[in-house]
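Some features that Swiss-Prot has for this protein:
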BINDING   Thr145, Gly166, Asp188, Asn230  S-adenosyl-L-methionine binding site
Amino acid sequence: MPWIQLKLNTTGANAEDLSDALMEAGAVSITFQDTHDTPVFEPLPGETRLWGDTDVIGLFDAETDMKEVVAILENHPLLGAGFAHKIEQLEDKDWEREWMDNFHPMRFGERLWICPSWRDVPDENAVNVMLDPGLAFGTGTHPTTSLCLQWLDSLDLTGKTVIDFGCGSGILAIAALKLGAAKAIGIDIDPQAIQASRDNAERNGVSDRLELYLPKDQPEEMKADVVVANILAGPLRELAPLISVLPVSGGLLGLSGILASQAESVCEAYADSFALDPVVEKEEWCRITGRKN
């Protein structure tokens, strides 16, 4: 069925309030878009992280009286009479199919593919992880996830134990298991991420080798041959004393979720415990790796 969209431009601080206003005016869904394509951090679990200049887009049924919607919105204290907006009639198309068509199998490194369930596997002999977009972060589309997957693909994980610190969808832990790791441990502060990781592990036939914990439940003195943490630069710096003790002596560390401009400060937080490799960058993001002293 056809739809009508109404777009407002605002600050990140006001975006949530205007989202609520659009829903109260009859919008069936809301989308936030960056007005200037400015790179931002990935959201923490449960958080909506917005840009300084944000477009808030409400989607309305084609039968909606948009003059009435505008009249309702004019009463909002952040808008007022004659507020700037854009109304557009969208063509009739299968939007669910349109969304699904945007996701394709993706290759990382030499062996690893991430494939949505509705697509054919490009190479039956490759290491294939079946993963659909969902509630928790991590489908391989973000540069930080890509950097971590490429790093894991480059390692010999046969028989190793891997910790995925901030596991999100479980994509890194599951990829490690499919690449030969004997055991993976996923840790996340978000119960939804734990459930998403569990579901994705079952789909990929590795649930018997994946342990999942909220931080308060994780075992004491937990160790691994490889530790990967794709979170944010701030938490990586703050949690450096905790993360640094997770790899065994000679074990490997991979960190991402870091803008290239933040790499130096993150490296400083880990330099005493690890022999660090050169920083690898991709699309203004970077990956830091090293070996435990």
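Using the three backbone atoms N, Cα and C, a Cβ is placed for every residue, glycine included.
Small disclaimer: the values here were computed from a predicted structure and weren't measured.
In the three-state DSSP classification, Asn230 (S-adenosyl-L-methionine binding site) falls within a strand. Cβ neighbours within 10 Å of Asn230 (S-adenosyl-L-methionine binding site), excluding its own Cβ and spanning all shown chains: 27. Neighbour density for Asp188 (S-adenosyl-L-methionine binding site): within 10 A of its CB lie 26 other CB atoms from the protein chains shown.
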